[in-house]
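Visitor: The structure follows.
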Amino acid sequence: MANTDPEIADVVRSELGRLRGGLQLIASENLTSPAVLAALGSVLSNKYAEGYPGRRYYGGCEFVDRAETLAIERAKALFGAEHANVQPHSGANANLAVYSAFAEPGDAVLAMSLPHGGHLTHGSKVSFSGRWFTPVPYHVHKDTELIDYDEVRDLALLHRPKIIVAGATAYPRTIDFAAFRAIADEVHAILWVDAAHFIGLVAGGAMDSPVPYADVVSATTHKVLRGPRGGMLLSRAEHAAAVDKAVFPFTQGGPFMHAIAAKAVAFREAATQEYRSYARSVVENAAALAAALESEGMRAVSGGTDTHLALIDLSATGVSGAEAESRCGAAGITLNKNSIPFDPAPPAVTSGIRVGSASVTTQGFGTSDMALVGSLVGRAVASDPATDVGRKTLQQLSEETAALVSTKPAYPRA
Ligand SMILES: *Cc1c(COP(=O)(O)O)cnc(C)c1O
């Protein structure tokens, strides 16, 4: 590529350098294997294959059919699901397909409030979900910062939603899927679990599976699961036809066969003992990081984490989420500002940050490294770049960060 397109070759090289040179704490990101990247960069990208294996609208699908069948069979085995659709281009596309399969425009959908951790596709006005459907938001409890299951039930009885959604983008705790199932049954609603964030923990046995409880589970394949950027749907057999039609032809055209092959690779990797111990380490590392940040004077929302991510309340530091994100960036640490429940600050500022352990665990970091990571983040947040001493500290921290990641680099040179 360096000869044919030096500009883009330089972008790719620079991004690899960025991944190797800093700490990646964005909770929704991971570092895929070379085998996943090889499938993504393969000739399968060329193939049109509208339809499903054995039922295509194009000729020449004999090989891509094998890839998609392998992906489907591996997903079903990995998650114990009756049906799998591996075609959604992304998590948001998978979610659009869920609405298409199970609701009509205007229907009420009960989901986690966005400022309390829900996703844009759970009813935000800036997404199709809030424009075309009637969102009913539920919340976390003010004292415990855990999902308020009493409120979920009360709202379900009051609004009789077509769909109830469990799952979020910034919720650090396990979810009581059985409680959601009982509420859905009581009001005859579809139970949809959006497992975009934590499906990788489920794959590795580090979190209880929503599959036995949910009518449909949507997920991404690129977060903890460590596959290619993409989405998928798991469902009960009775919903298989509705789910498949909702993906193609209702919301998508030709599937990305290179991405589907890469999903198959990731499912195979996730079925190994090695991945199971990875998933366990991800959870241990997130807990260690949350504890380290608490000892730096920050507060972990809900008191900690059961998953790969922690939501950190910075109120006691007097530093906003936006400032913290930028200070950490200057120290070579990539993370994101995030609203905390009942956040008095606007979403562009926030009083919190979200941190995740998936990428650093892939690099081989353990709990003792996480204590050091917590100290780097704590010192970066406390360093005001408007002052000479702050700027100097951030410079020194970026050197410490580079030294730490060089011990266990991302994508180590062979
Ligand atoms: C990440 C995420 C999505 C969207 O996935 P994309 O691939 O970014 O479209 C949907 N729902 C939840 C809960 C998520 O965390």
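Any Cβ shown, glycine's included, is placed from N, Cα and C.
Not my notes, these are from TrEMBL:
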- 2-376: domain 'Serine hydroxymethyltransferase-like' (DOMAIN)
- Leu114, Gly118, His119, Leu120, Glu238: (6S)-5,6,7,8-tetrahydrofolate binding site (BINDING)
- His222: site 'Plays an important role in substrate specificity' (SITE)
- Lys223: N6-(pyridoxal phosphate)lysine (MOD_RES)
Visitor: Which recorded positions from the set Leu114, Gly118, His119, Leu120, His222, Glu238 come near ligand 1, judged by a Cβ under 6 Å from any of its atoms?
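Guide: Going through Leu114, Gly118, His119, Leu120, His222, Glu238 in sequence order, those close to ligand 1 turn out to be His119.
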Visitor: Please work out the number of neighbouring Cβ atoms within 10 Å of the Cβ of Leu120 ((6S)-5,6,7,8-tetrahydrofolate binding site), leaving out its own Cβ.
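Guide: 16, counting other Cβ atoms within 10 Å of Leu120 ((6S)-5,6,7,8-tetrahydrofolate binding site).
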Visitor: Around the residue listed as 'N6-(pyridoxal phosphate)lysine', which residues of its chain at least 6 apart sit with Cβ under 8 Å of its Cβ?
Guide: Ala27, Ser28, Glu29, Asn30, Ala196, His197, Phe198, Ile199, Gly200, Ala358
Visitor: Using a 10 angstroms cut-off on Cβ to Cβ distances, just flag whichever of Gly118, His119, Glu238 is the loneliest among these binding-site residues.
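Guide: Ranked by other Cβ atoms within 10 Å, the binding-site residues Gly118, His119, Glu238 bottom out at Glu238.
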Visitor: Widest Cα span across the (6S)-5,6,7,8-tetrahydrofolate binders Leu114, Gly118, His119, Leu120, Glu238, in Å?
Guide: 30
Visitor: Work out how many Å separate Leu120 ((6S)-5,6,7,8-tetrahydrofolate binding site) and His222 (site 'Plays an important role in substrate specificity') at their Cα atoms, rounded off.
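Guide: Between the Cα atoms of Leu120 ((6S)-5,6,7,8-tetrahydrofolate binding site) and His222 (site 'Plays an important role in substrate specificity'), the distance comes to 18 Å.
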Visitor: List the residues of the same chain that sit at least 6 positions away from Leu114 ((6S)-5,6,7,8-tetrahydrofolate binding site) in sequence and have their Cβ under 8 Å from its Cβ, in sequence order, or write 'none'.
Guide: Leu120, His122, Gly123, Ser124, Pro137
Visitor: Taking just the CA atoms, what is the gap between His222 (site 'Plays an important role in substrate specificity') and Gly118 ((6S)-5,6,7,8-tetrahydrofolate binding site) in Å?
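Guide: His222 (site 'Plays an important role in substrate specificity') to Gly118 ((6S)-5,6,7,8-tetrahydrofolate binding site), Cα-Cα distance: 18 Å.
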Visitor: In the predicted model, what is the mean pLDDT computed over the domain 'Serine hydroxymethyltransferase-like' (2-376)?
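Guide: The answer is 98, the mean pLDDT of the model over that range.
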